[in-house]
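Chemist: My questions all concern the structure below.
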Amino acid sequence: MLKNRNLINADDFNVEEINEILNLAEEIIKSPSDFSNLCNGKILGTLFFEPSTRTRLSFESAIHRLGGDCIGFSESASSSTSKGESLADTIRTVSNYTDIIAMRNPKEGSAVLASSYAEVPLINAGDGGHQHPTQTLTDLLTIWMTKKKLDNMTIGLCGDLKFGRTVHSLIKAMSRYENNKFILISPEELQVPDYIKMFLKSKNIEFKEVEKMEDVIGELDVLYMTRVQKERFFNEADYVRLKDSYILDNDKMKLATEDLAVLHPLPRVNEIATEVDSDPRAVYFKQVRYGVIVRMALILKLLGVR
């Protein structure tokens with residue numbers, strides 16, 4: 001049972017529980033009208049201490065599509081924390097207004113702290129550079145709907161693998177399904193952190209690090225592209241030097257298999273050329289829709305409605 005649970009890290013739920021959410025999401029895709037009033041009278045609180053238009057709108061769309069309502073703020077300046085209120089007091093207060101909370105905060109560990117004070121289910125909508133579990137569920141649903149499986153695949157992750165929290169969460173999640181291996185494509189300065197490599201080694205999961213996408217794209221079942229995130233850099237010169245490191249275009253797509261699935265958590269800058277958008281293997285805009293659907297399923301499960 002997922003009722004009244006929190007979702008802080010991608011590994012908070014076991015594989016069976018994740019599959020339960022994905023199966024419900026697939027039901028919603030097949031018959032959305034059956035779910036349009038299940039959260040009538042329920043209120044979602046969206047507490048976004050860090051701007052994120054897509055994630056916030058996705059949560060808001062999800063609760064509205066379920067017949068519920070939404071209250072919250074989109075930046076810390078709009079909250080009482082700008083007046084000096086502690087995160088603990090904010091969470092305690094909002095728990096009295098809402099039935100469920102989605103929170104994004106730039107400080108790592110803030111979601112764990114918030115969950116200890118929340119009196120309603122709390123969803124981590126992004127926690128510094130550490131975890132982004134609902135994006136992981138979105139990615140899993142996208143792969144499932146596209147490939148019809150979550151195991152026995154070669155998954156390439158490309159771009160900013162150091163600061164990209166979606167990458168870290170996805171690697172850990174896909175590692176729980178059998179016989180997946182990873183190809184990590186990045187410049188040396190943006191390689192995946194050591195703790196992720198140690199995690200993969202501890203699980204005896206095959207992975208390799210490469211610098212050239214074109215050398216490995218033909219081996220991939222899934223290619224997960226990421227942008228180089230300016231906001232994670234302390235030095236603008238480093239950002240400018242690395243931001244165009246990896247661009248996926250039609251020439252590189254010609255080297256890929258016919259059933260490759262290209263994902264991207266968005267927003268895109270220029271790491272995927274717009275000419276790729278019309279390629280049927282590009283599923284990153286479908287991924288946006290799946291993000292709303294999987295958040296609908298998650299809300300239903302945590303509220304115990306389904």
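Including glycine, each Cβ sits where the backbone N, Cα and C put it.
What you are looking at is a predicted structure, and each value in this text was computed from that prediction instead of being measured.
Sharing the record's features from Swiss-Prot:
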BINDING   R54, T55, R104, H132, Q135, L266, P267  carbamoyl phosphate binding site
BINDING   K83, R165, R227  L-aspartate binding site
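Looking at the shown structure, what environment does each listed feature sit in?
Modeler: Close to R54 (carbamoyl phosphate binding site) in the fold, though at least 6 residues off in sequence, lie L266, P267, V288, G291, each with a CB less than 8 Å from its CB. In this structure, R54 (carbamoyl phosphate binding site) is part of a helix by DSSP.
Neighbour count (other Cβ atoms within 10 Å of the Cβ, all protein chains): 19 for R227 (L-aspartate binding site).
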Chemist: Applying the rule Cβ within 8 Å of the centroid of the Cβ atoms of R54, T55, R104, H132, Q135, L266, P267, what extra residues of the same chain belong around the carbamoyl phosphate site?
Modeler: S52, S58, G126, T166, P265
Chemist: Could you list the residues of the same chain, at least six apart in sequence, whose Cβ is under 8 A from the Cβ of R104 (carbamoyl phosphate binding site)?
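Modeler: L47, F48, F49, E50, S52, T55, R56, N124, A125, G126, D127 - these are the non-local Cβ neighbours of R104 (carbamoyl phosphate binding site), listed in sequence order.
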Chemist: Once near-sequence residues are set aside, which residues in the chain of Q135 (carbamoyl phosphate binding site), 6 or more away, have Cβ atoms under 8 Å from its Cβ?
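Modeler: Within the chain, Q135 (carbamoyl phosphate binding site) has Cβ neighbours under 8 Å at T55, G126, R165, T166, S169, L170, P265, G291.
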Chemist: Including all protein chains displayed, how many Cβ atoms other than that of P267 (carbamoyl phosphate binding site) lie within 10 Å of its Cβ?
Modeler: 10
Chemist: Starting from each candidate's C-beta and looking 10 angstroms out, tell me which of the binding-site residues H132, R165 has the most other C-beta atoms.
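Modeler: That would be H132, with the highest Cβ count within 10 Å.
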Chemist: What is the separation, in Å, between the Cα atoms of H132 (carbamoyl phosphate binding site) and R227 (L-aspartate binding site)?
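Modeler: One finds 15 Å between the Cα atoms of these residues.
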Chemist: Highest Cβ count within 10 Å among the binding-site residues T55, L266: which residue is it?
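Modeler: Compared across T55, L266, the most Cβ atoms within 10 Å surround T55.
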